[in-house]
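What TrEMBL annotates here:
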REGION    1-26  region 'Disordered'
TRANSMEM  37-57  transmembrane segment
TRANSMEM  78-105  transmembrane segment
TRANSMEM  185-206  transmembrane segment
TRANSMEM  218-245  transmembrane segment
TRANSMEM  265-282  transmembrane segment
TRANSMEM  294-319  transmembrane segment
TRANSMEM  353-374  transmembrane segment
TRANSMEM  395-421  transmembrane segment
TRANSMEM  427-448  transmembrane segment
TRANSMEM  468-490  transmembrane segment
TRANSMEM  502-527  transmembrane segment
Amino acid sequence: MASTTQPRMVLCPARPPRGTRTSNGATGATRSSAFMFPYFIMLIFCGIPLFFMELSFGQFASQGCLGVWRISPMFKGVGYGMMVVSTYIGIYYNVVICIAFYYFFSSMTHVLPWAYCSNPWNTPDCAGVLDASNLTNGSRPAALSGNLSHLLNHSLQRTSPSEEYWRLYVLKLSDDIGNFGEVRLPLLGCLGVSWVVVFLCLIRGVKSSGKVVYFTATFPYVVLTILFVRGVTLEGAFTGIMYYLTPQWDKILEAKVWGDAASQIFYSLGCAWGGLITMASYNKFHNNCYRDSIIISITNCATSVYAGFVIFSILGFMANHLGVDVSRVADHGPGLAFVAYPEALTLLPISPLWSLLFFFMLILLGLGTQFCLLETLVTAIVDEVGNEWILQKKTYVTLGVAVAGFLLGIPLTSQAGIYWLLLMDNYAASFSLVVISCIMCVSIMYIYGHRNYFQDIQMMLGFPPPIFFQICWRFVSPAIIFFILIFTVIQYQPITYNHYQYPGWAVAIGFLLALSSVICIPLYALFQLCRTDGDTLLQRLKNATKPSRDWGPALLEHRTGRYAPTIPPSPEDGLEVQPLHPDKAQIPMVGSNGSSRLQDSRI
């Protein structure tokens, strides 16, 4: 399960709430200090309960995000919506990884290329922190040092060498989202490297990725601890940490902050992606997923808070060095990971070493996400087709998905790529996540029936879900999500990137991306109604929403109670109860057609 939650550990506190796109870093950073309280409220009442629901859902049926909807076939569109969201995130998130690869390779030098303003791509407006130190030490006349100091004290008016390296050299950023320009070949090469790494780690499915995750999930803690020890020993680190911890209560009343907190929780924990259901389908049937959900959720968010100390300790040092407020050096979105933090690293002794560690950590965290996303898509495809050929050729399916992801990511490596990446980040995987989770929760609790689901969990775990989770699933979580969606729509603000205002047609594309996953739910519901038997609409509705005959535990030995077959299965029944993954553990299972399967019960 680590691969589904690890990737946001540093990105969660490293940037303010998702969707907070402002014209400058100060506003985004100010919101981050008001973000902690709503973040933890959403974690307790939405994040952990829905995390537990998805784990128990996938583990009980031993199916991916499509197969589990035998529980209520009419709502299978929720699974398709999860696949669409995972596809969008998998496309643009690997571009973020490829940029991290680029910075990692660029850090293999004696002097970081974004440390000074003496490079060919720099402009006359560039004012570097290290350049300022040299100038004030006597390399320029003293009369100029005062002017330069004044410029640095108003850092929003300066252009840092790290920002120019990011904008003018790495991205060669165009002036408009419609002006794609050229494809940045270095980024394209790094994108190919990142997809090759992901494919090689998933070439044997969860068996190979599970071994890799031992490293990708644990080594970032080592890097975080090293950066934390270094950060807190710097002058001004305490100021940055206090800025990080001090809440701004006037911002908490804004519905936008609560909506961002909900979106970040879903994004951080991986809810509504389909990845939790997919990975849990490989668990043993009686695995204590309740304990896992508590441990993983708390560990994930605690690591996010821990990473926040690392980030803001170094930003506090940078603010102290410049003599400005922390809000003026804190950035948001990719600006923090690839502009503000790299600039802060230039102030540290042996800066290339710290830069290598930082970007290596980002790469590992990002790869953890990609493993889960790719496995979710592959598992869903294999589950849906389900014939012998595709079961045996799963590696080719994985290769096909990886190649498609690489090709679809090429436009994001163009000069306008960052505009499209942020557009997808803000719309394709934001409010659609909470909509999908809300519908999933309602369909299970009120269509399938909360008593039936509580009995399923008791049969699987040996105890029913705690009363707190029962209340959250039935009332609290759906209500919170519903009201947040309403107020988010009321307080909607168009997306911006720095001083660039997205045109209306681009925002329209963003809304289409967001709706493309949600629209799967009603479209498939209508399709299912049309193909379901029944003389009246009400009869069709009942038949489309009741569980399929093969809903329940995948293994015959676990089909007890109301799932126990009343008569021995025979070929005439047409009932085939078997997992669709031949690589799911070592327990032989005989379906109604007499064929045996192996189910991998290891995660």
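Just so you know, the numbers here start at 1 and follow the chain as drawn.
From the backbone N, Cα and C atoms, a Cβ is placed for every residue, glycine too.
TrEMBL annotations: computationally assigned, not manually curated.
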_With a cut-off of 8 Å between Cβ atoms, can you find at least three pairs linking the transmembrane segment (353-374) to the transmembrane segment (185-206)? Only pairs 6 or more residues apart in sequence count._
yes
*asked:* Let me spell it out: take the transmembrane segment (78-105), skip the flanking residues so only those 6+ beyond its ends count, and list any with a Cβ under 8 Å from a Cβ in it.
replied: 7, 64-69, 170, 186-187, 190-191, 193-195, 198, 272-275, 277, 334, 337-338, 342, 355-356, 359-360, 362-363, 366-367, 369-370, 373-374, 376-377, 380, 405-406, 408-409, 412-413, 417, 420-421, 424-425, 428-429, 432-433, 436, 439-440, 443, 513, 516-518, 520-521, 524
*Under a Cβ pair cut-off of under 8 Å, which of the recorded stretches 37-57, 218-245, 294-319, 468-490, 502-527 contacts the transmembrane segment (265-282) most often?*
37-57
*At least three Cβ pairs under 8 Å linking the transmembrane segment (502-527) and the transmembrane segment (218-245), pairs spaced 6 or more in sequence?*
no
_Counting CB pairs under 8 Å, which listed stretch among 37-57, 218-245, 294-319, 395-421 touches the transmembrane segment (468-490) the most?_
37-57
